[in-house]
Amino acid sequence: DGCGHTVLGPESGTLASINYPQTSPNSTVCEWEIRVKPEQRIQLKFGDFDIDDSDSCHSSYLRVHNGIGPTRTEIGKYCGFGFQMGGLITSKSNEVTVQFMSGTHTSGRGFLAAYSTTDKSDLITCLDNASHFSEPEFNKYCPAGCVIPFADISGTIPHGYRDSSSLCMAGVHAGVVSNTLGGQINVVISKGIPYYEGSLANNVTSKVGPLSTSLFTFKTSGCYGTLGMESGVIPDAQITASSILEWSDQTGQVNIWKPENARLKRVGPPWAAFITDEHQWLQIDLNKEKRITGIITTGSTLAEYYYYVSAYRILYSDDAQKWTVYREPGMDKDKIFQGNTELYQEVRNNFIPPIIARFFRINPLKWHQKIAMKVELLGCQFSIGRAPKITMPPPPQNKNDDKNDDFSDDFIHSVKTSLQTDKTTFTPEIKNTTVTPSVTKDVALAAVLVPVLVMVFTTLILILVCAWHWRNRKKKTEGTYDLPYWDRAGWWKGMKQFLPTKSAEHEETPVRYSSSEISHLRPREVPTMLQTESAEYAQPLVGGIVGTLHQRSTFKPEEGKEASYADLDPYNSPIQEVYHAYAEPLPITGPEYATPIIMDMSSHPSTPLGVPSVSTFKAAGNQAPPLVGTYNKLLSRTDSTSSAQALYDTPKGQPGPGAADELVYQVPQSVAHSTGSKDE
């Protein structure tokens with residue numbers, strides 16, 4: 001009479017003293033006999049141990065034996081308040097006997113222990129939580145039987161569980177381990193959240209929890225997606241039922257709660273059975289075999305119709321003819337799933353191991369008022385071997401239609417014994433571990449080559465742009481035939497200089513000369529001009545028809561030897577066939593490169609005031625006003641080394657030293673002037 005919570009699985013389990021964690025009653029005793037496969041051994045781990053040792057383990061103690069029966073041998077005898085058991089107790093055979101004796105005492109919680117086969121080196125107990133481990137990620141083995149009434153959990157998947165929650169109990173709630181089998185969990189610790197939701201899943205109720213510093217989640221295979229009830233991927237024609245509830249309301253409107261209404265989260269009525277007995281079913285055709293890992297159910301979701309299913313069985317088939325009842329591995333009885341406790345809440349149940357089938361049936365065993373429900377299936381595409389199946393004939397008729405909400409062992413026993421099923425073999429255990437996706441070499445190579453190629457092409461473009469700008473700057477500072485700045489008139493104006501001109505009246509581009517070329521000029525080769533205002537471009541100094549000129553072209557010698565100003569006298573040369581464009585006059589403020597003008601006042605008498613001077617340049621607009629001064633004739637001294645004598649333009653009324661045919665300068669267009677030297 002001293003046995004408390006006990007679950008003895010084929011490879012692991014949990015056992016506790018009576019009333020744990022409260023004080024056990026006096027004069028009680030309990031003995032557990034544990035067996036595993038013959039080739040295996042058993043290890044025992046205590047999660048809590050608090051037994052009165054006031055009489056030196058004489059009347060209250062825990063004793064562990066190798067073997068079962070009269071031939072067993074003692075491994076150890078233990079007692080003490082808050083006793084810390086260091087390490088594991090390991091058996092020498094596949095059988096162990098655990099004996100608990102409680103004498104006269106006033107305190108002591110008793111004990112809670114877990115066992116497993118010795119190949120589970122990372123065994124933990126149902127009392128361990130995430131705060132007991134410092135690693136951000138770790139693997140542990142949970143024993144069977146960790147759904148205990150004295151442990152709490154807060155949270156749900158996928159948001160996570162509060163760090164104070166029992167790891168193994170949360171694993172059962174999440175559906176990664178089975179309460180009757182236990183299993184491996186892969187835990188990941190992360191930062192906590194302000195609020196933890198509560199839910200009912202796998203017969204475990206998770207409570208609402210407050211803020212915590214950390215939380216934990218589980219790594220799984222990822223096969224928990226919805227299979228198409230809510231989304232409509234499963235057509236209406238593939239959802240059938242044993243019967244359909246149909247009736248007329250007070251207004252005469254006919255209400256039909258058809259099977260296709262059994263879609264989770266869909267607005268409206270659910271599916272409801274017309275007949276209320278345990279032989280009703282809702283069937284879903286998945287069109288092909290799928291891996292089914294869980295199911296979510298709700299009630300009617302209509303407040304005026306308080307209907308829901310509180311317990312059900314699961315059957316599956318490949319041909320909709322031979323059906324298999326779902327059982328957990330190693331169990332010889334059907335698994336009864338806990339359903340809803342009210343009409344709104346979503347309740348989840350997981351299948352460990354998963355079901356591999358095309359046809360899926362829900363067989364309600366317990367309900368409230370009427371059989372009504374909405375459903376969603378969880379799972380993924382089938383990719384591994386099939387699970388073993390058992391065949392089952394149709395269930396016999398049961399005349400007992402009275403149902404209550406309380407589960408009774410007698411009722412479940414009567415349902416199970418009415419089914420004739422064949423035995424099945426053990427289903428291989430499927431561990432819920434994360435499948436790490438493999439990354440191919442091509443993807444890795446592309447991830448490296450693409451950024452490298454982008455950087456190389458960007459670098460080449462930058463080098464070309466910098467070289468182009470450097471070339472332009474060099475030509476502006478050293479070259480005679482410089483191009484204008486791009487930013488002076490915009491990119492289009494810069495491009496126009498490379499295009500053929502259509503009109504001679506367009507805007508002209510100035511010609512620049514370097515200081516090295518100006519130094520080669522003789523004084524007589526620099527044309528004089530009188531400028532009082534902004535002047536237009538000068539007329540050509542040599543007569544003749546100007547050839548086709550580009551508007552923005554500058555003077556450039558022909559191919560071969562480069563001509564210079566020192567080799568060519570523009571005033572004495574014969575008519576040229578090709579001429580350069582007009583040069584822009586020098587600004588009023590002073591030329592950038594100018595040859596000084598020398599006044600020869602010794603050989604030229606003064607000219608009366610008001611006599612206009614003759615200029616070789618055309619004035620802008622009207623005739624330029626006459627210069628006021630004693631001498632208004634501008635002369636340029638000729639080069640003493642020049643053999644040819646050149647004359648400069650002379651004012652009216654002054655005879656020139658040369659003949660009339662030697663004058664080659666053009667007079668202003670606004671003044672009537674002959675080429676002769678006599679006075680008019």
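Every residue, even glycine, has its Cβ placed from backbone N, Cα and C.
Annotations in TrEMBL come from automatic prediction, not curation.
TrEMBL lists 667-680 with the feature compositional bias 'Polar residues'. The disulfide bond annotation in TrEMBL covers Cys3-Cys30. The domain 'CUB' annotation in TrEMBL covers 3-118. As annotated by TrEMBL, domain 'LCCL' applies to 120-216. Here TrEMBL flags 223-380 as domain 'F5/8 type C'. The feature region 'Disordered' is assigned by TrEMBL to 640-680. The feature transmembrane segment is assigned by TrEMBL to 443-468.
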Query raised in the report: Given the disulfide-bonded residues Cys3, Cys30, which one's Cβ is surrounded by the fewest other Cβ atoms within 10 Å?
Result: Cys3
Query - For the domain 'LCCL' (120-216), the number of residues DSSP places in helix, strand and coil - result: 11 helix, 38 strand, 48 coil
Query raised in the report: Mean pLDDT over the domain 'CUB' (3-118): what is the value?
Result: 90
